[in-house]
Amino acid sequence: MVMTNFKKNDTFEAEVIDLTHEGQGVVKIDQFPFFVDNALPGEQIKMRVLKVGKSYGFGRVDEFLKQSPSRVTSLNLDYLRTGIADFGHLIYPEQLKFKHQQVVELLYKTAHKPNYPVLPVLGATETLRYRNKAQVPVQMVEGQLTTGFYRKHSHQLVSVEDFYIQHPEIDAVILSLRNALRTVHVKAYDEQTRRGWLRHIVVRRGYHTGEMMVTLVATSAQLPQGVDTVLEQLKENFPNIKSIQLNINKSTGSFILGKTFKVLYGKNYIQDTMLGKTFQISAPAFYQVNTAQAERLYQTAYDFANLSQEDIIVDAYSGIGTIGLDLADRVAQVYGMEVIPQAVEDAQHNAKLNHIENAHYEVGTAEAIMPQWLQKGIKPDVIFVDPPRKGLDEQFIKAATATNPRTIVYVSCNPATFARDVLRFEAENYTLDKVQPVDLFPQTHHIELVASFIRN
Ligand code: SAH
């Protein structure tokens, strides 16, 4: 172990030698690493020590002695401080290179595949204002209801009006709502005193349809005085708003949404289209936040599957059915499972909406349902999986591979758990065939990819 005598506020001149996967610059002083916000590889900085731990520390840039040619100098630093755009200071082509390299490294370190030929990242054409969803915390700041984003690793609110990567109409709705709620003196929830009403504003907007859903997350079903008039006004100003909902969250935890939703205006869902099919999306259901890039992601997934009209496919972690329904016309049967009941209802409804009769959905966890399907003798030719960040469950992998599909197509939003699962599939006689990252999250550290495994 390296012994250190570093103290807070010490300063050093140093070169930034690396970038962490979350976008912090890495500086080493006598072998001891410091993580530094807003510092890019190749930059020469005067670093001030903020904090020293046992094996690493944190520093900040006091002064740039030399800046990287890959730096975006015009970035408002609040986007880095809040993590809204934690790679926003790096030019876009370099973001894509970095993401590619991350996937290559994880496949090497975790899945023992040196120099795996990961395909070049499919970059976005819209690298700003692409998000179709916002979840914005609300706090009282200097006595005023304020919307914005938390500083990284804290619940300290930074006021933000232009969210940079969200669709501008979403920003406009949030701003208009904030201003109107100020005039009727609505109080934001305070985590310390546990007083106040409004916790979050969630807005979703269909990329192709423009339909919007606004959800107020609050501590009680009782609307404070004036809120009904505010909402009346809001839907008049934004005729694209098709749904306004109240979500009740009385908890002290950090989950944004509570269990109960109440429709205040319109429907309990909005619609959007993906690859020409129509989808209803209800408030608790997952929907990819970057529609244009998600369409390319799904298209790649279908290309990897080499489908034929006789194929039976499984769409595991199916959400509202986007992956399976977009290709239902091209195969014999689609079986999907998903843990959120409202999302499964959406998927069933979406099948009808698109006149699809060969898609079947069940509510439950993939790890519980896949073994049941194996028992029932369902024999898929291709299994699509699209799990959350924690990746796949071993139980699921065992049951899925036991059904003996020709191909498994894995859509992953976390290359670290994906790389772990590569080893598990290999243990069941499936070989990794292709890995294609698709950039769904420009300006941020998040990485999405689609991969295929072929039966040995
Ligand atoms: N394929 C969909 C959804 C992907 S997101 C799309 O592209 O839109 C991952 C989904 O998995 C979410 O809908 C989440 O609710 C669901 N999920 C999370 N854990 C699960 C589990 N153990 N079993 C089944 N579904 C799960």
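Residue 1 is the first one shown; counting continues down the chain.
Cβ atoms here come from the backbone N, Cα and C positions, even for glycine.
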Task: Same S-adenosyl-L-methionine site per TrEMBL - residue from GLU338, GLU362, GLU367 joining GLN288, TYR317, ASP386 - done: GLU338
Open item on the list: Below 8 Å Cβ to Cβ and six or more residues apart, same chain only. Which residues does that give for ASP386 (S-adenosyl-L-methionine binding site)?
Closed with: ASP315, ALA316, TYR317, SER318, GLY319, ILE323, VAL411
Task: Extent of the S-adenosyl-L-methionine binding site in Å [max Cα distance among GLN288, TYR317, GLU338, ASP386] - done: 15
Task: Secondary structure at GLU338 (S-adenosyl-L-methionine binding site), reduced by DSSP to three states - done: strand
Task: Averaged pLDDT score, the domain 'TRAM' (5-63) - done: 97
Task: Intrachain C-beta neighbours of GLN288 (S-adenosyl-L-methionine binding site), sequence separation six or more, cut-off 8 angstroms - done: ALA294, LEU297, THR322, LEU440
- [ ] Could you name the residues, excluding GLN288, TYR317, GLU338, ASP386, of the same chain that surround the S-adenosyl-L-methionine site, i.e. Cβ within 8 Å of the Cβ centre of those residues, in sequence order?
- [x] PHE286, ASP315, ALA316, SER318, GLY319, THR322, ILE323, PRO387, VAL411
